[in-house]
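Straight from Swiss-Prot, the features:
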type	residues	note
TRANSIT	1-27	transit peptide
DOMAIN	66-144	domain '2Fe-2S ferredoxin-type'
BINDING	C100, C111, C114, C128	[2Fe-2S] cluster binding site
DOMAIN	144-183	domain '4Fe-4S His(Cys)3-ligated-type'
BINDING	H160, C164, C167, C173	[4Fe-4S] cluster 1 binding site
BINDING	C212, C215, C218, C262	[4Fe-4S] cluster 2 binding site
DOMAIN	281-337	domain '4Fe-4S Mo/W bis-MGD-type'
Amino acid sequence: MGLGLLASRALRSSRIIRNSTRTIVSTPELKNADAAAAAAAADAPSDLPKRHPVGGARVHLPNPEDVIEVFVDGYPVKIPKGMTVLQACEIAGVDIPRFCYHSRLSIAGNCRMCLVEVEKSPKPVASCAMPALPGMKIKTDTPIAKKAREGVMEFLLMNHPLDCPICDQGGECDLQDQSMAFGSDRGRFTEMKRSVVDKNLGPLVKTVMTRCIQCTRCVRFASEVAGVEDLGMLGRGSGEEIGTYVEKLMTSELSGNVIDICPVGALTSKPFAFKARNWELKGTESIDVTDAVGSNIRIDSRGPEVMRVVPRLNEDINEEWISDKTRFFYDGLKRQRLNDPMIRGADGRFQAVSWRDALAIVAEVMHQIKPEEIVGVAGKLSDAESMMALKDLLNKMGSNNIFCEGNGMHPNADLRSGYIMNTSISGLEKADAFLLVGTQPRVEAAMVNARIHKTVKATNAKVGYVGPAADFNYDHEHLGTDPQTLVEIAEGRHPFSSALKNAKNPVIIVGAGVFDRDDKDAVFAAVDTIAKNNNVVRPDWNGLNVLLLNAAQVAALDLGLVPESDKCIESAKFVYLMGADDVNLDKLPDDAFVVYQGHHGDRGVYRANVILPASAFTEKEGIYENTEGCAQITLPAVPTVGDARDDWKIVRALSEVAGVGLPYDSLGAIRSRIKTVAPNLLEVDERQPATFSTSLRPEVSQKVSATPFTPAVENFYMTDAITRASKIMAQCSALLKK
């Protein structure tokens, strides 16, 4: 009975298709764009209401000769040649259902959910894989298209389990939404559903492979974006499944993005499993501060707790991807937090005190110390407002010894072009040759590395690397381990010199680890010579870049956080650590008084005499500037912990107690102060390029040493106080060392 019903429905469907189709358009008609467009325009309805592109779809028409016109449900649409039918529909404001198609991945065309009707085509076509042709008439809402999608959805649901009540994808599942919109209200499949063994991809991605619909998004992402060939399609027919050929973990710093691109609940977040539903969460737009890229994120919270972090679209910085560290560090926000002001007693133990008492002790000690013996250090996660306040406080106390950890004692702070990415992150896609000097972008700035990988994959750009042995996910030449290689390239004696010379848009990226070298000036002089000899810096192109490591470095240099003496730590008697946990205090005198202002009980606490609890970046509003010189703002997603306060408010209160009150008591006032020092920091979400070239840098007589470059980041998953407190990051770190 079931087979008879199925056969009769198939016959009726084929009869409908035969009766509704016409003869296939001939090749000459397709080639004559003007005739096709004119014929289609004659049939187009007039006075159509205006439509808007779907999902932020954008169309750029630089050359009128490369433009064709198609008709989507009667609406004329101008699109560039080479676009697919699906892209034309998006520009026309029509949302086409899809599972396998993703705008940043190659076209697979295997889910068939995007079927539409094209006039004079004998059957529905897969719009994601069909090129749009001049004058093409596309119909997206006809009975044939609806019937085709309903049939495809029925096939997809045949083996899909009824897990929605216990599936973490519930509420934000493409299969749920599209089955509701395009599926039937009943199914005819009565056989046993298949089941698939789950795969172990590591501590971050949870797999329930029985839910998989074989869209291959994860496979294509791993290969094309992450640059690892860990996933693939195995078997065929009903035995087809996605997994690893040999049992192994997914070894990529971008692996968590498969959670976002999976249209069903096959790949979900393992730390977030069974924690909350998406409609229970409050989303707050913010940025990531665990590296210097400033990836755009959305912080999802419930009550006082951050539940998860997901990416936010920004074409110029992170596109729609984020690193695993960015996505999963959040559990560190609730561990090892500092809740109350504390002072170290005579027995070496900390005891909680009031804010008034803590600030009074700090102010009293500051007045007893000579100004030149007072040192301030801004940490990796410091915002611009707090660094401005700390600098003003120390200046009023007579000290100019303040710096940001990671910048060293002698950063290239004279010219802004000497410490930012002049090419910009998105501009890397225009490069055709890369020279990486002492930097490993894969662990220092994963999203910058993703751009380089994207460029190398698309254009076969050549990559030369000078530094210690490293694991890159794209083809590269390891040129050497020490700066002597740079001298050879500068003099044209190295084979890679020809690659830079022949490149149209060469790029040089210098790692921030060079700042800590004794021969820093000589290294940068060699890099400047390479740039000059190979036309790296031109009026229309600046390919000379410095890749910084943490979120505070660029803003600190813009604000002038440069120490007056390179021996300030050795002679200091009072050190103010504002979230600085990785600064080297080995040479600090034993009798020095140390104040630690921060949000985690990390390395800086062990040397502290007074602890002042501060807010984390998820609990305050602050300006951060990324490595390309773009200022962005974090917004508070959850309330502060315990008796903690914002960093700049603590410094402001301390100045009042010390009798040198700072002239601002609000964010607006302190930003007005910032405007007088670094106005570019107030141009939020607008990249401010450097005005002057590094060619203005003075000549140096220093010679490069034979000391090899060293890795700037030893452990990708643990780089700051928050990530070191994260249990998830600890699990990833343990697997990394195996």
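In case you wondered, yes, glycine gets a Cβ from its N, Cα and C as well.
Excluding H160, C164, C167, C173 themselves, the residues of that chain whose CB lies within 8 A of the CB mean position for the [4Fe-4S] cluster 1 site are, in sequence, P161, L162, D163, Q169, G170, L175, Q176, R211, V264, G265. Take the binding-site residues C164, C212: by the count of other Cβ atoms within 10 Å of each Cβ, the lowest one is C164.
Less than 8 angstroms from the CB of C111 ([2Fe-2S] cluster binding site) sit R98, F99, C100, Y101, V152, L156, I213, C215, each of them six or more residues away in the same chain. Listed by sequence, the residues of this chain that lie at least six past the ends of the domain '4Fe-4S His(Cys)3-ligated-type' (144-183) yet keep a Cβ under 8 A from its Cβ atoms are 13, 16-17, 20, 97, 99, 111-113, 115-117, 124, 189, 193-194, 206, 208, 210-211, 213, 238, 262-265, 268-269, 272-274, 277-279. The C-beta environment of C218 ([4Fe-4S] cluster 2 binding site), restricted to residues of the same chain at least 6 apart in sequence and closer than 8 Å, consists of L231, I242, V258, I261, C262, L267. Classification of C100 ([2Fe-2S] cluster binding site) by DSSP places it in coil, neither helical nor stranded. Neighbour counts were taken as the number of other C-beta atoms within 10 angstroms of each residue's C-beta; across the binding-site residues C100, C128, the minimum falls on C100. Of all the binding-site residues given, namely C114, C128, H160, C167, those whose Cα is no farther than the 10 Å limit from the Cα of C212 ([4Fe-4S] cluster 2 binding site) are H160. Within the set of binding-site residues H160, C164, C167, C173, the entry lying nearest in space to C128 ([2Fe-2S] cluster binding site) is C173 (CA atoms). Residue density at C215 ([4Fe-4S] cluster 2 binding site): 26 other Cβ atoms are found within 10 A of its Cβ, drawing on all protein chains shown. Same-chain residues that are not part of C100, C111, C114, C128 yet have a Cβ within 8 Å of the Cβ center of the [2Fe-2S] cluster site turn out to be L86, R98, F99, Y101, A108, G109, N110, R112, M113, A126, S127, A129, C215.
Note: the [4Fe-4S] cluster 2 site is recorded as C212, C215, C218, C262; in the same chain, I213, Q214, T216, R217, V219, I242, V258, I261, P263, V264, A266, L267 also have Cβ atoms within 8 Å of that site's Cβ centroid. In the three-state DSSP classification, C212 ([4Fe-4S] cluster 2 binding site) falls within coil. Nearest Cα neighbour of C114 ([2Fe-2S] cluster binding site) among the listed binding-site residues (H160, C164, C167, C173): C173. In the predicted model, residues of the domain '4Fe-4S His(Cys)3-ligated-type' (144-183) average a pLDDT of 95.
In the shown protein chains, 20 other C-beta atoms lie within 10 A of the C-beta of H160 ([4Fe-4S] cluster 1 binding site).
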